[in-house]
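To start, the structure itself, in structure tokens.
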Amino acid sequence: MGKKRTKGKTVPIDDSSESLEPVCRHIRKGLEQGNLKKALVNVEWNICQDCKTDNKVKDKSEEETEENPSVWLCLKCGHQGCGRNSQEQHALKHYMKPRSEPHCLVLSLDNWSVWCYLCDDEVHYCNSNRLGQVVDYVRKQAGNTTPESAEDNGNIELENKKLEKESKNEQEREKKENMARENPSMNSTSQITVKGLSNLGNTCFFNAVMQNLSQTPVLRELLKEVKMSGTIVKIEPPDLALTEPLEINLEPPGPLTLAMSQFLNEMQETKKGIVTPRELFSQVCKKAVRFKGYQQQDSQELLRYLLDGMRAEEHQRVSKGILKAFDNSTEKVDEELKNKVKEYEKKKSVPSFVDRIFGGELTSTIMCDECRTVSLVHESFLDLSLPVLDDQSGKKSINDKNLKKTMEDEDKDSEEEKDNDSYLKERNDIPSGTSKHLQKKAKKQAKKQAKNQRRQQKIQGKVLHLNDVYAIDHPEDNECEVEMSLQREADIKSNHISQEEVAPKEYCVNQKDLNGHEKMIESITDNQKSTEEAAMKNVSVDNDLEVLASSATECPRNLNGAYLKEGSNGEVDISSGFENLNLNAALQPDEINIEILDDDPTPGTKVYEVVNEDPETAFCTLANREAFNTDECSVQHCLYQFTRNEKLRDANKLLCEVCTRRQYSGPKANMKGERKHIYTNAKKQMLISLAPPVLTLHFKRFQQAGFNLRKVNKHIKFPEILDLAPFCTLKCKNVAEEHTRVLYSLYGVVEHSGTMRSGHYTAYAKTRTASTHLSNLVLHGDIPQDFEMESTKGQWFHISDTHVQAVPTTKVLSSQAYLLFYERIL
């Protein structure tokens, strides 16, 4: 007995020492060597038993014979059935039959790989001596059996027919290849085949995204143009006196772009059934180190890093081309050369291939209720992150209301004690897991620090009053605190919290970051400079910015240190002293592009501009948006919530410069020059003003609940044909006149199954003929005028790493979508 125990203990150690791959737990129950040897006596190899009994082998069409579905051998009973890629899927049906013991282990008779249906993963039989011996035995039996040993003449005739059909199919393939060589245009518009992708180690998040990008033919077309050597681009001069545009010669694309092009070509042209995207993934890891280490990652973040990385390489190509063009001329002064290069970089009108395919534009419209002045701000996007509300959101909103009430009561008490105090009004998201006791304790500590701060200000004798960051207010008393009104614009990029889950809060002279720590905003005098940096980690807040001014003024999100200059009349001028202070160091520069406004705002700066817009039509859309069922959990409802009309009231009022100028202009102006800012009620809405050729939608299923992250598993309905017109502005740029529909066709889905800690990403991709409308829109800018039905037809496939299976459309629409890929058809 002792020997048996020691032997039983050493077996798992030996198995685990062979490889780091986990051993399948179902080998013992799913493997029956005795039954298998009996079943393999005088057996016909590579023929599905069920198809043979149904007389479907002899009636196969030429197309089905050409596909030649793989046959899987059950290691429990020796049953041979066609794989899941076939039409009948007899091997899978054999496993699904109810039995006392599972028939879960199957062996592929094509490549001799073992698959476990229960684990839904490949089993490496080198890890198990018993499984390896069985596979070797089966291979020997299959090798010893020859067609001559078959006594049935019908089988020989069947094999002869197969050989004849295969020869005919080879001749047809050669004809098709010759036709494709003669007509390269036909080859470009043909359907892209679906191939599996090798898992490099928890890289299913990467494989699922790449499967959908590989089914984007226009991306492959543009990458061919990018790779062309000697590409010359013309850039209009920034100075009107110069009439000739600058011609620049672009360098070869960057390593990430080249790896992407190589991957797409391999997916299209290789004859292998499985592609290993090792080079592309390594280039992504070089751009974003966070994806190293073979950990579970987020598919949407991977997509953003990939697109941003390729776009940055394209911008770098143009910048280097401009610099080389000036180096070849007679320019010698370095300072002048730098200034000219910067001017041309601002003027450059060469959008990258990423923006041409995935780029769209959002327009935020805000209107003052008093003067009805309309102002706009434009912001580009590569994807839209849509909020997903679940049943727990109602409970959280109730807790937020109670928390808000207690915070407002404390603020009222502090106002009675300090008449001249000003408050930092900031919309912030308080984790629901934080207790009220901790909130009150932190509040008291902040008040004590504020008292000490005011004492220091009395000693110094000079007090600075910051009113909404950019304007100066004369302090009536020496006991004034910093007043800042920070407002955040909705982040249409990745990972942000829903607007429903954010309630306005007021804090007394403190700023609270997402980790729950409070940092005081120190008073700044002419003898000291201070910078306060609030780091936002892991989660970015998507609170809506209250607009500080409707006429080309906005509170900066990036203020890197405040420098003060004392005026001649004793006032402190800070309007020209703010530089970029990064309040969100975790985000990339491309993701948030709000800077302080000066006299010469740079391109890309997010500026609210006053426009002569009719207030009656400023918030109109291309199509009626009131026909949606608000109770329905669908992608249309998520878009409706994302673009819903908001009212700025109470603490979220608009600081209107037009109303302020009207109030304090003329004889009403104060002799001392003092002017109080006028806050008014306003209306705000964000709509799509440029519909992208390829629309990418992201459902924010991963949300923060207290100090933890959770996943929302609610099913969201999404259609095959999506009309984006109810969410577009009335003057949408790339929509034909008098068109009231902006139609998109679904061609890709990324699904996340499982939980936050142990989940799996798979892809649904549709093979179809390439859309001529989409190619003309991206390549030539031609707006589609009519509906193209052919682009909506195709075959859906479900891809889980290396395994590809044809599925019906109903299964795609019932999946738990995380990313949706739509292409423009009208």
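Placed from the backbone N, Cα and C atoms, the Cβ positions cover glycine too.
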One of His103, His124 listed by Swiss-Prot as binding Zn(2+) 3 at the site of Cys74, Cys77, His94: His103
Binding-site residues: His26, His90 - member with fewest neighbouring CB atoms within 10 Å: His26
Spatial separation of His94 (Zn(2+) 3 binding site) from Cys48 (Zn(2+) 2 binding site) - C-alpha basis, Å: 11
Where His90 (Zn(2+) 2 binding site) sits in the secondary structure, as DSSP reduces it to three classes: helix
Spatial neighbours of His760 (active site, proton acceptor) among the binding-site residues Cys51, Cys77, His90, His94, His103, Cys119 [C-alpha, 10 Å]: none
Residue from Cys82, His90, Cys119, Cys204 whose C-alpha is spatially nearest that of Lys140 (SUMO2 cross-link), among the recorded positions: Cys82
Distance [Cα-Cα, Å, rounded] between Cys204 (active site, nucleophile) and Cys119 (Zn(2+) 1 binding site): 16
For His103 (Zn(2+) 3 binding site): DSSP state (helix, strand, coil): coil
Using Cα positions only, nearest of the binding-site residues to Cys51 (Zn(2+) 2 binding site) (Cys24, His103, Cys119): His103
Fewest other Cβ within 10 angstroms of its own Cβ, chosen from the recorded positions His94, His103, His760: His760
